[in-house]
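See structure below.
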């Protein structure tokens, strides 16, 4: 799992922290621990190890226990792997660390007795790898080194037809794993699973041939480029091919990569030349010094517009120096070469440690349009700097049309769009439905969705900001389905890579009258648990009738890479359809 940055505000150290810092750095000698005294603050100084954790627990549960119930001031939670019996937790000072140990040590959680104690700071992985390389003629340093082609487009060496065959096979493997876990974890479904396997070539549901991307080269409408140095020390704007943990941070050029459009390559080449001649340094993850960190480029296939977002560490630049930096950035990107690349929108992102509850960095609009626009299935969508938008626009049209086809809505259908983002899926469904009700946790995404509905003259969509875990029941009430008029309710879910929280699955299961669900997954391996929970027998928690997987379709949104989108249609058993079309739980 990813590490959770619960709070990352930089503040002046307290005297007690200084004492602790000196004690630790005196014990931890050598280059591998030099960062403890060089970075101003690191939560590695105030780390604990928590052992004795239960076999089954979720990161959400753990965070709620630590931060809400126990009110501990955690700074970072470092999980080794899902279900690990031990974790590391970092704090901002010695006082918070001692309070956490006192609270957690001996605490009973899920039948297990926890043990908590101080943990030593981790050695600097970059320095450690370099020392290993020096001792072994560089071999350990090169074990994980990849070319930029292998890192970004690992399937580019294959003809596209071969890529599709490989992806179809991989999605079949995912569905076979899904069927195997159904058979193993839900004994009551074994007869059903065996029957499905016989009918569908060993799979738990029908699986149609993969849909190829209409565009294979230059399809990406968004790329996040790193700014750093290559192996020769030349400043580059491109992709990082290593990582801090495996000992190298080189950034390599991207001009030859197949999936990046020419306008982006032109913008990158222009800004790379600017960075190389600039007096401002590129940021170093090793020294925490330097300014230029990243460059995000978004483009529209429909209009040719290009948006550039320059990410900078301000360090100690004065307001006057900051303004000067912004001015020269705009001068560079609005030059003749910038105009030729299509650059019409420039934003300035301040990269900094985020406060608790802060999900984005401060963003300032410097020049031109505040947004760009693209089209999907005849609708125009506004794209803001931080908005989620499928990165392959032509293939997104195909994906959404497949979702519409398998859902088969009609003018009596109400659609719940869970994790609706800027409303792209829901608005594409709207012309086929009575109404669409969308929910997303990001306020700006909902504002964009409302704007997009108005921009396209779509009047049968409503969007709500909030956590879907809490609002699904309310949305069902809002839908106000009338049974006598043959009205139906469908849900479409397009969650982040981690999938839906069990609370959302529970509400979808418990919603009477919701007889069809379309699950769109960008990470099918991660979604298997959600699929199984949708199909589990009734229980105290999952009171509604189970869904059944009926059909799967893979859509290739990511040519030259191993990633694939997968759509699965779930339906309730026929007898559910006679139930009252009301949610079974309270709001």
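Note: Cβ is positioned from N, Cα and C throughout, glycine not excepted.
From a predicted model like this one, the values you see are computed outputs, not experimental measurements.
For reference, TrEMBL has these:
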type	residues	note
REGION	1-24	region 'Disordered'
COMPBIAS	1-10	compositional bias 'Low complexity'
COMPBIAS	11-24	compositional bias 'Basic and acidic residues'
DOMAIN	46-121	domain 'RRM'
BINDING	390, 440, 494	S-adenosyl-L-methionine binding site
ACT_SITE	522	active site, nucleophile
ACT_SITE	522	active site
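Within 10 Å of the C-beta of the residue listed as 'active site, nucleophile' there are 18 other C-beta atoms, taking all protein chains into account. Residue 440 (S-adenosyl-L-methionine binding site) sits 17 Å from residue 522 (active site, nucleophile), taking the CA atoms of both as reference points. Those residues of the chain, other than 390, 440, 494, with a C-beta within 8 angstroms of the mean position of the S-adenosyl-L-methionine site C-beta atoms are 388, 419, 420, 421, 422, 424, 425, 520. Around the Cβ of residue 390 (S-adenosyl-L-methionine binding site), 22 further Cβ atoms fall within 10 Å across all displayed protein chains. Cα separation, residue 390 (S-adenosyl-L-methionine binding site) to residue 522 (active site, nucleophile), rounded: 10 Å. Sequence-distant neighbours of residue 494 (S-adenosyl-L-methionine binding site) (same chain, 6+ residues apart, CB-CB distance under 8 A): 418, 419, 420, 421, 425, 520. In this entry, 390, 440, 494 make up the residues listed for S-adenosyl-L-methionine, with the farthest two CA atoms of the set 16 Å from each other. Secondary structure counts, DSSP: the domain 'RRM' (46-121) has 23 helix, 26 strand, 27 coil.
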